[in-house]
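Quick notes on the structure that follows.
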């Protein structure tokens, strides 16, 4: 956290809520484990992404360990507006994490949507949608302990089978002072089933704060369609941006300029090889043949990847 982060102290914390008041649909890069790190956030911001989230960070580890802070979070002057997503199950631990991060980010998000077994067994993620009083308490605590009124506090949720319970959760969070709510339109059990956009619309109509729609959005056209279906104030994208980081700029598939930008940014940030390579595999998925993938996906060094891109694409 130390190197890049210090220079951020001088930069003005932005108010993410200004985006929601702009009259435009807010285009958001989702929190993705391993992937929505600083280098990738830098890339998508070049292609019309309005707001970026960090990968989910376990608040208790972040508060307890300087090592965890250094490895889990890096930022720089251009990395704004930025939301840091935390996994937490205790109000004071979330507040302590928010206080540490406050000078360097524009808001925090409480993860109430991660369906992974480890998260749920630890009391994190999607199990929180069944604990509305705890969520309300956590939001209220952060609101009361962070002095900066521009610092946002949001939550990201999944839906219940009984939507009344989801609306109740959202209304309790709104009463506690939550800034906006991101709704992934699937239940905890659902993985690849169709997204319930109708449920997101009902939640939107029941609230007076901004609602962000999330789930299965792969192109700018999808984003526009989901906005019309749900009336959401923002659209959050995960895998669609991995496959095409220029998606929000209207590109149907990853342009070569975007691949070039990723190479430049990743090298400049000292991105570890596995992460550098994985991002390229996602970006080139739609523009390479099966044969090319076989060769490209087993390359094992940065220099081999750079040679391949240069020889085949002039990148």
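Even glycines carry a Cβ here, placed using N, Cα and C.
Pulled from TrEMBL, these are the features on record:
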type	residues	note
ACT_SITE	114	active site, proton donor
BINDING	31, 32, 33, 85, 184, 238, 239	FMN binding site
DOMAIN	29-292	domain 'DUS-like FMN-binding'
* Which one of the binding-site residues (32, 33) has its C-beta surrounded by the most other C-beta atoms within 10 angstroms? -> 32
* Longest CA-CA distance among 31, 32, 33, 85, 184, 238, 239, per record bound to FMN, angstrom -> 17
* **Rounded to the nearest Å - Cα separation of residue 238 (FMN binding site) and residue 114 (active site, proton donor)** => 13
* Taking just the CA atoms, what is the gap between residue 32 (FMN binding site) and residue 114 (active site, proton donor) in Å? -> 11
* residue 31 (FMN binding site) to residue 114 (active site, proton donor) - Cα separation in whole Å -> 10
